[in-house]
Each structure stands twice: as structure tokens, then as C-alpha cells.
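S.K.: For reference, TrEMBL lists these features for the protein:
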- 23-48: transmembrane segment (TRANSMEM)
- 41-292: domain 'G-protein coupled receptors family 1 profile' (DOMAIN)
- 60-88: transmembrane segment (TRANSMEM)
- 100-120: transmembrane segment (TRANSMEM)
- 141-164: transmembrane segment (TRANSMEM)
- 196-225: transmembrane segment (TRANSMEM)
- 237-260: transmembrane segment (TRANSMEM)
- 272-294: transmembrane segment (TRANSMEM)
Amino acid sequence: MYNLSSYHTEDFTLLGIPGLEQYHAWISIPFCFIYLVAIVGNSILLYLIAVERSLHAPMFFFLSMLAMTDVILSTTCVPKTLIVFWFGPQKISFPGCLTQLFFLHCSFVLDSAILLAMAFDRYVAICSPLRYNTVLTPKTIIKIAVGISFRSFSIILPVVFLLIRLPFCRTHIIPHTYCEHIGVARLACADISINIWYGFCVPIMTVISDVVLIAVSYILILCAVFRLPSRDARQKALGTCGSHVCVILMFYTPAFFSILAHRFGHNVSRTFHIMFANLYIVIPPALNPIVYGVKTKQIRDRFILLFSTKCTE
């Protein structure tokens, strides 16, 4: 029925944000600024963790993973998005589209897994402080990092093959600023039921399991904290978790809204959904290093020392 060799020969066209085409140039200004903040902030964070020996601890290793993943998440989409904003609709090849959506979705699932690993780190640090160095050994940390990276890769790789099998014999115009799984699948002239259910159920169940485990970790942490004898000890213990809780809320709240709106929000306008999706790929990566820089004393002190030294030279 279809000529397999001609399925994917045509490029796709990224339109931008439907209904706001005349404002693309203005939208690009804050968008570009936030993206630069994300790149610079995460780069500084990675540099401080690399050069400061006091930051060579499991929590900061996971934080460096989060920073690298955030850079990948935003860099996968934002440069192409800015080109669309500045120069109008842009072509993207089918392999380029698959590559973009793979790294986009893989970074999202990996971010969730890293937040779970960081919650586990805080659980061990507060609930079993005497066993911290024996539980979270360098070998264990490497196993966790490899495991969560492989999990993210394994979950998202089938999405690529689910799209490759589809014939795109109608429109090749994507009313978005970047490629994402369901948005591309809906352009196909074939049944996409598998894409819809896999794209919704598997990643969302993975993320929900992460959220449940994070919630359990923090329930156990709170139980341990409120058993501490002194108020100062309780405040210090809760203070070490403050930045992580802020990052968790910034990540999961808009993520669940975007996923549910995409699946069930038929009354949500496409313009609002796409604008929200664009903000989601730059705002959390920009805010994460700021939150950790403000709330984590070791990073804050090292940051101040770094720039005070530069100013006196």
C-alpha cells in the first residue's frame, strides 16, 4: 500500500508557535536570555564541582549529572527554536527530527531518575549518617549513574522505532518549535494507537514510580528529622533538603501539567500548550543552578570566593 523507500524522504517544517508568529522576534528575547542563563549557570556549577575538592561528594556528583542533563535538554531544542523565531519556519530532516525528540524525551526521563537518586542520597545522609560512606561508595555511585542512564535510553529508544515504522504521506508541517513524539506521530497516515499509549503510559508510569519513591524517601526523612533531639539539628537536616525539594517541585509540577494537557486537555489551546512546552525546556534548567547556588552553602561560598578572587586580580 505504501512505498517504504519514500516514507521519510521529505523534510519536516517547524512552524513555531501557532497564532503568535508576528511576536516571534519579541518572544525570542527573553527566551534567548533564559537559555544563556541556563548554559552559563550550569557551566559554572559544573566547574565549581570539578575544581572544589569539598564538593567531591555523592550529592554533588548527582547534581553535576543533573546540570549536564539540563544543558542537553535545553540545547537539544532551543537553538533550533531561536532560528524559527528569528528566520521563520525551518526545515528539519526526518533523522534530525528523530535525534531531537530522542534526546528531548531521554533527558526528561533521566532528569526524573537523577532526582530520585538525589532523594536516596538525602535519605541515607539523614536516616543512616554513620553508614553514608559505606553505602554510597564511588563504585555504587557509578552503578547508579550507569543504571539510570541505561533505563532512560531503554525507555525512549522504542519511540524512535515506533516513528520509523509510520508512513508520512500527508502534511509534513509541524505546528511546533521542535519535534516531540506524539506531535510527529499525529502527522502519519496510519494507526498511531501504539505510539499514543506507549508515549503516554510508559514514560508517565516511569516518572510516577520515581515520584512515589521520592515521596517515600522524604516521608522517612521527615520521620527521622522529627525524632532528632534539638531544634537546631532538625533545621540543619531540613536545610540540606530544601534545595532538592524546590528543584523537584519545579521539575514535576509543569511536567505533569504538560503531559496531562497534551493527552487529555482538548480544551487547552494549542498556542498555550506550545508556549508552555517551550518555557519548560528553558526555565527549570535556568533555575536549578540558581536554587542550588543560593540554598547550598558550599556552592555559595565557593562561588563568592571564585568571583572575589577574579575581581582582585
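Yeah, the Cβs are placed from backbone N, Cα and C, and that goes for glycine too.
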S.K.: With a Cβ cut-off under 8 Å, give me the same-chain residues at least six positions beyond the ends of the transmembrane segment (60-88) that come close to it.
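M.R.: Sequence-distant neighbours of the transmembrane segment (60-88): 14-16, 24-25, 27-28, 31-32, 35, 38-39, 42-43, 45-46, 49-50, 100, 103-104, 107-108, 110-111, 114-115, 117-118, 121, 141, 145, 177-178, 247, 278, 281-282, 284-285, 288-289, 292, 298.
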S.K.: Who are the chain neighbours of the transmembrane segment (196-225) in space, where the CB to CB distance is under 8 Å and they lie at least 6 residues beyond its ends?
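M.R.: That would be 105, 108-109, 112-113, 115-116, 119-120, 122-123, 126-127, 151, 155-156, 158-159, 162, 181-182, 185, 234, 237-238, 241, 245, 248, 252, 255-256, 259, 263.
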S.K.: If you average the pLDDT over the domain 'G-protein coupled receptors family 1 profile' (41-292), what number do you get?
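M.R.: Mean pLDDT for the domain 'G-protein coupled receptors family 1 profile' (41-292): 86.
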S.K.: Short question: most Cβ pairs under 8 Å with the transmembrane segment (141-164), which of 23-48, 100-120, 237-260, 272-294?
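M.R.: Maximum Cβ contact count belongs to 100-120.
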S.K.: In terms of Cβ proximity under 8 Å, which residues at least six beyond the ends of the transmembrane segment (237-260) contact it?
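M.R.: Same-chain contacts beyond the flanks: 66, 108, 111-112, 115, 118-119, 122, 125-126, 200, 203-204, 207, 211, 214, 218, 221, 224-225, 228, 273, 276-277, 279-280, 283-284, 287-288, 291-292, 294-296.
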